[in-house]
Amino acid sequence: MLPRNGRDPRRREVLQFALFCRAVTLLLQALFNVLIPDHVADAFSPPRWSETGFADWLLEWLLGGLSHWDAEHFLFIAEHGYVYEHNCAFFPLFPLSLRVAAETALWPFHGFLCLRSRLLLSAALLNSLFSVLASWVLYELSCLVLRCRRRAFLSAILFCLTPANVFMAAAYSESMFALLVFAAMWQLENGQRWASVLLFSLATGVRSNGLINAGFLLYSQTKCFASQLQAKTGTGIKLLQNIGHFLSMAASAAVMSAFVFLPFALFQFYAYHRFCKPSEHAVPGMLLQLAVDKGYHVASVNNGEQPWCSWNFPVLYIYIQDAYWNVGFLRYFELKQIPNFILASPTILLGSWSVWWYVTANSWHCLTLGLVKRKSGMKREDKPAAGFSSPAVFVYMVHAAALLIFGTFCMHVQVLTRFLGSSSPVLYWFSAQLLYDHEPLLQSRAADPCCGRVRSEKTPLNDSLWDRKENVVLALLSNWRKTTSLTQCILGYGLSYWFLGLALHCNFFPWT
């Protein structure tokens, strides 16, 4: 059993390691930004007309690598609002947070930092905070789901070393989304459904794939109803009572799902009135000129002219994905995209392996969707152990599989690493399970209070890294030659993508 109270030293260790990783990330991006010349990329690059001084130049020198690719959209929206139609692909809660932080917490710097510089500084500080908190929340969530502090600790540490690290630091919405989603999952595991609904709803205001998180709420309600139904079997409960329970559950699930969908609907309603209705909103001349040069559609110029405005359900987000980025089923399956598929292949392979591993280990649970209780006479050895094979992982596995399939076949596949890495804990849980089961340096003959005995005949008790007063992942890195090939692949994947991502993304090379 996990302790409900008391001090957990691993919690502090997770936070310390997360802070260390954030500091190293910011330091490395500044170093790479200085040493490597920026590539000339055909990316969104709005003009800047704010007066800048030495402090702005210094900040750009230190943090400029965090403002490239999609980060330009977020910073532009935070400064100017939704001027161009394709800006609406980026949801408002993150840029709004940047603007609030720049105008409040960083207001004392307004005398020597222009607004854009304060927004960039806000992004660096907020994303560092969000990612550190996300690692802590992931640890708490993992303790509840995996029922093992060691596996939970490994999962949180691996999140700190995520292959999507550069996007957790840059002015992207991944860190904020990960924090909200993991916190919502944690609250749902704690039985706090309405707190979970609120957090899932906020997550939808950050990224569109937050919509799929309504599935967690639907499954939770369905599982609760199925449990009640099976508990009342043979007790003479009338059919009408069961129907009443079902209708109550369905109504509750519908209301919860509506809250999750609400931010998306409100944003599409705003976009319709912004770009399809007459507007007197003034757009600065330089931004209008950029629209002419690049063919962008501006709210005050192209009102009602776009085809999506005449749709029965005018959803701008769908139009943008189709018209601007050519997102759709199998549209990215082209020979020229092979390098991007290679870039995403570790995530695809690891995600597919995790699904296969879980399904083969829990065939009955998967076939019954986890809604049918096991018979009381079932043998003890058939009971799933703590860790990744836990029945509680099922709904997370379905969620990760849905994201993996959609991302592989319907999206620009190179974004799959950050798409899945910021939305689901499954990759971190599965990687932690592999390390826990197959790395001899992490195994011992001692029994863990919650995880049970770890199988090992190769490693003496004295040599187990769990018995040392140090971060076990750092210890694995320091004993790199003694680790297994599997361990080297898992840690090497995270570290190589961390450094490559910083070196390439921060200098406008393709790493988006």
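Keep in mind that glycine also has a Cβ here, set from the backbone N, Cα and C atoms.
Please treat TrEMBL annotations as automatic predictions, because they have not gone through curation.
Values in this document were obtained by computation on a predicted structure and should not be read as measured data.
The transmembrane segment annotation in TrEMBL covers 14-36 (among others). With a cut-off of 8 Å between Cβ atoms, the residues of this chain six or more beyond the transmembrane segment (14-36) that come close are 61-66, 124, 128, 131-132, 135-136, 139, 153, 156-157, 160-161, 165-166, 168-169, 471, 473-474, 498-499, 502-503, 506-507.
Annotation source TrEMBL lists transmembrane segment at 119-139 (among others). For the transmembrane segment (119-139), same-chain residues at least 6 beyond its ends with a Cβ under 8 Å from one of its own Cβ atoms are 10-11, 14-15, 17-19, 22, 26, 59-60, 63-64, 66-67, 71, 74-75, 78-79, 97-99, 101-102, 105-106, 109, 113, 152-153, 155-157, 159-160, 168-172, 175-176, 178-179, 182-183, 186, 425, 428.
Among the features that TrEMBL reports, transmembrane segment is placed at 151-173 (among others). Through the fold, the transmembrane segment (151-173) approaches residues 10, 13-14, 17-18, 21-22, 25-26, 29, 65-71, 74-75, 90-91, 93-94, 98, 119-120, 123-124, 127-128, 130-131, 134-136, 138-139, 142-143, 206-207, 346-347, 386-388, 417-418, 421-422, 425, 428-429, 431-433, 435-436, 451, 471-473, 490-491, 493-495, 497-498, 501-502, 505-506, 511 of its own chain, all at least 6 residues removed from its boundaries and within a Cβ separation under 8 Å.
Within its own chain, the transmembrane segment (246-271) is flanked in space by residues 82, 88, 91-93, 193, 197-198, 200-202, 204-205, 208, 210-211, 213-214, 217-218, 221-222, 224-225, 314-317, which lie at least six positions past its ends and keep a Cβ under 8 Å from the stretch. According to TrEMBL, the transmembrane segment annotation covers 246-271 (among others).
Taken from TrEMBL, the feature transmembrane segment applies to 393-415 (among others).
Long-range Cβ contacts of the transmembrane segment (490-509) within its own chain (Cβ-Cβ under 8 Å, at least 6 residues beyond either end) map to 25, 28-29, 32-33, 36-41, 43, 64-66, 68-69, 158, 161-167, 170, 346, 350, 417, 431, 434-435, 473, 476-477, 483. Here TrEMBL flags 490-509 (among others) as transmembrane segment.
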